[in-house]
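Since the structure comes first, as C-alpha cells, the remarks are kept for the end.
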Amino acid sequence: MSQQASPIRIGIAGFGAIGKAIARRLDDGIPGLKLTALGVRDADKARAAYTFKEPVAYVPADTLVEHCDVVVECAPAALLPEIATPVLKAGKRLLVLSSGALLQHNGLIDVARAHGGQIIVATGALLGLDAVTAAAEGTIKEIRMVSRKPPIGFAGAPYVVRNNIDLHAIKEPTLIYSGTAREAATGFPANLNVAVSLSLAGIGPDQTRLEIWADPTISRNIHRIEVDAEEARLSMEIQNVPSENPKTGRITALSAVAALRKLAAPLRVGT
Ligand SMILES: NC(=O)C1=CN([C@@H]2O[C@H](COP(=O)(O)OP(=O)(O)OC[C@H]3O[C@@H](n4cnc5c(N)ncnc54)[C@H](O)[C@@H]3O)[C@@H](O)[C@H]2O)C=CC1
Ligand SMILES: O=C([O-])CC(=O)C(=O)O
C-alpha cells in the first residue's frame, strides 16, 4: 500500500464494551485506517455515549457494508448472520468476535468463499492462536483448555440457567462444565468464544476439550491451554482483566485493534 492510498474504511457492529474501546482507538488515529460507521440499535444513545473527533455514520448494523471496507463484529452473538452476510456477499472482510456463533452459522464460510469475502476470527481474549495454527499444519494429538472466571462472569449463561447453578452460592473454585468446545458454545455463548476460536485454529470443536470453573477466589478471567502436537508442545495461560462487561476481558478489544492495524501496516508480525 502506497502512502497516498486511501485509508481502509472500518465499521463497527455493536457499541458495547468491545466496540467502544475499538472505536476510541481508531478515532485517536491508526495509520491507514479510518472509522467511518457504527452499527447501532439506538443512534441517539450511541451519539450521547461518545463524541468522535471525526464524523462517523450511525447506521443499522446490517447496512454497515455500504459505508466500510472492513466490518468488526462485536455485537450479541445471535446477530452474527445478519451482520456478516451483507459484508461477505460484497466480497469484503469481517473481523469476528462472536466466534462461538460461527458453529451454528458455518454456512457463512460458504458465503465468503462464493463471493471472495473473508472471515477473520480475532484472537480476542486468548493467546497463541498463531502457534496453534502453525501446529495444525503438522499433527496435533490433543488440545485441552481450562477456563476460570469469577462466578458473576457466568450470569445468564444458558447452561447455568438450565442446570439451576446458583452462582451466588459458590464459595470455592467449582467445576461447572466439562465437555467439548462445541457444547460450550451453546451453553456459554457470551463466555466461551475463546474455546471456539481455539478449536477453529486447531482440531475442531468436537475434539477440543474444555473445563469451566467458577472461581470466587480470582478477579481475572483465566484461560489455560495445553496443546500436544508432534512438532511442539504448547502450554499457555492468559489472565484477563475484565472490562466494563464482566464477561469480557479488556484485552479483547486490543486484539481487534492489533488485527486491524495489521491490515494496513507495512510490517506485520505474527501469523
Ligand atoms: N472472541 C473473544 O475472545 C471474545 C468475544 N466476545 C464476544 O464479543 C461480543 C461483544 O462483546 P461485548 O462488547 O463485551 O458485549 P456488550 O454487551 O458490552 O456489547 C454488545 C453491544 O451490542 C449492542 N446491540 C444489541 N443489539 C444490537 C443491534 N441490533 N444492532 C447493533 N448493536 C446491538 C448492545 O446494545 C451492546 O452495546 C459478544 O458476542 C461477546 O460474547 C467477548 C469477549 C471475548
Ligand atoms: O473475555 C474472556 O475471558 C473470554 C470471553 O468472554 C469469551 O470468550 O467470550
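Glycine is no exception: its Cβ is also placed from the backbone N, Cα and C atoms.
Taken from TrEMBL, the feature active site covers His223. Around the Cβ of His223 (active site), 25 further Cβ atoms fall within 10 Å across all displayed protein chains. In this structure, His223 (active site) is part of a beta strand by DSSP.
Here TrEMBL flags Ala125, Asn193 as NAD(+) binding site. In three-state terms derived from DSSP, Ala125 (NAD(+) binding site) belongs to neither a helical nor a strand segment and is classed as coil. Counting Cβ atoms from all protein chains shown, Ala125 (NAD(+) binding site) has 28 others lying within 10 Å of its own Cβ.
TrEMBL lists 14-121 with the feature domain 'Aspartate/homoserine dehydrogenase NAD-binding'.
Annotated domain 'Aspartate dehydrogenase' per TrEMBL: 170-257, in sequence order.
Counting residues per DSSP class in helix, strand and coil order gives 23 helix, 32 strand, 33 coil for the domain 'Aspartate dehydrogenase' (170-257). The number of other CB atoms found within 10 A of the CB of Asn193 (NAD(+) binding site), across every protein chain shown, is 28. With a CB cut-off of under 6 A applied against ligand 1, the recorded positions Ala125, Asn193, His223 are reduced to Ala125, Asn193.
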